[in-house]
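A.B. asks: Take this structure, written in structure tokens, and hold onto it; I'll ask about it next.
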Amino acid sequence: MFYLAFLFGLVFGSFLNVVIYRLKSGDSIRFGRSFCPRCKTILKWHDLVPLLSFFLLKGQCRHCRKKISWQYPAVEILSGLIWVFVWNLGFGIWNFIYYIFILSAFLVIAIYDFKWKIIPDKIIYPAIAVVLIFNLFEILKYQNIAIFLWPLSVAIIAFLFFFSIFYFSKGRAMGLGDAKLAFLIGLFLEPELAFFAFTLSFILGAVYAIILLILGKKTLKDKIALAPFLSASTAIIFFL
């Protein structure tokens, strides 16, 4: 079943790539056939097989021969791994769908912010709404309102902490989207796990920044996207 979960994850990852690209371009996510972002040629089914087509085409468009972004196979593989790891946790169908949705949202946010240095509201707000609804249903399930209020309190504190950095640095240290993402993480993870996720994200981000500075790829004036590290840390802590 793990192989099947991975295959479904690859296919879903292909859809996530469509979401990422069309959120930026403004094209409809629900309608329209897939096309090469370079030459705009409509792609046939055999050029859209997740992961396999990328390697068979040697990472190039069949028509214009321009390179296909690393994003496409990377997102498909990561999505496949998310499906496998969530499946391995043995959740019921509704919890499985919930965790796939939220973790996929983190993946989209991470890639989008890495490429364009912005966190899309069209992803973050629905994700927050879904987690809030899920937590409300947890109250009914366990008859304990603390299950809802405790994560909400952590989320608010996390938002205020990140927002204060955004506000006092005038957006230079981090963006408002990072504060929204911190709110989502506070809602999603158990309170103590959220703290570890935030700590790990700062460590990973700092290591990445130092490496880029040493290699001369970035300067102290350059901005580095934080969402990839927040999202990755959240996934790591969740699965551990």
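Placed from the backbone N, Cα and C atoms, the Cβ positions cover glycine too.
According to TrEMBL, the transmembrane segment annotation covers 6-23, 96-114, 123-140, 146-166, 195-216. Taken from TrEMBL, the feature domain 'Prepilin peptidase A24 N-terminal' applies to 7-87. Look at TrEMBL and you will find 100-210 tagged as domain 'Prepilin type IV endopeptidase peptidase'.
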A.B. asks: Just to be sure I understand, if DSSP states are collapsed into helix, strand and coil, how many residues of the domain 'Prepilin peptidase A24 N-terminal' (7-87) fall in each?
C.D. replies: 44 helix, 4 strand, 33 coil
A.B. asks: So what's the average pLDDT for the domain 'Prepilin peptidase A24 N-terminal' (7-87)?
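C.D. replies: Summing pLDDT over the domain 'Prepilin peptidase A24 N-terminal' (7-87) and dividing by its length gives 86.
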